[in-house]
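According to TrEMBL, the protein has these features:
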TRANSMEM  7-32  transmembrane segment
TRANSMEM  52-76  transmembrane segment
TRANSMEM  88-106  transmembrane segment
TRANSMEM  180-202  transmembrane segment
Amino acid sequence: MSRVLLAYVVADGLFLLMGIFMIAFSVIVQNIQFEVPTEGQQAARNLLYQRFPLTAGIVNAVFIFVTFLFTIPGIITPARGWLKLGGWMTTVCGIFSLIIGLYLWIMTLKTKADFAPFYFSQPPEIQELMQSAFKCCGYFNSTSPAFITDDICSSPAAAALMRPCATPITSFANVLIDNIFTAVFGMVGIDVVLVMATACLLKERKERERFRHIDEKSGAIGF
């Protein structure tokens, strides 16, 4: 096995692991996003999960698995057609992952405004969980929406002195989403590495094929 082929196999293995991670995360989050929360951070996280493009993540992961299957003949046979097809399919996967990552990044630019309708629509007990976890009252302020009376916001005067929940929830959400879209952009990097490995392997096989033809002609002339 040449070094170029070995590098291609390693990149292809990372590509497969990327698909496994993507589909595992998407399926797990789909199963937990509507769970009844028991504490405030869980409540905020579940509301964020409900805005994630999970179906797109599953579709992308399935296409990654299909692409991986198409790369196998390119590894075990000298034909370049399978490699070219795998390279184009990998490019599509990379573009798909890039779009998902950009969607998540754009979410961080307007988290405060976009999260507000979700917060407003929650029943009082869920709002109280978030107030307790983030040490805040209301969302934009203690009256918008009206705070839920609890140990943190025990009275209108006390609630008015507390920070609104929009600030800590936005910070929490941005950290969570930042970690996820960074991972997605890392997956795009793996796609790029696999495409580059594909190009190198195609070049190597083309050169070997050219030298083989030269040898064949030389042998025919000598005969």
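Note that Cβ sites are derived from N, Cα and C of the backbone, with glycine treated the same way.
Below 8 angstroms of C-beta separation, residues 4-5, 7-8, 11-12, 14-15, 18, 21-22, 52, 74, 80, 83-84, 86-87, 90-91, 93-94, 97-98, 100-101, 104-105, 108 of the same chain, each at least six residues beyond the ends of the transmembrane segment (180-202), sit close to that stretch. If one looks beyond the transmembrane segment (88-106) by at least 6 residues along the same chain, the residues whose Cβ comes under 8 Å of a Cβ in the stretch are 15, 22, 52-53, 56-57, 59-60, 63-64, 66-67, 70-71, 177, 180-181, 184-185, 187-188, 191-192, 194-195, 198.
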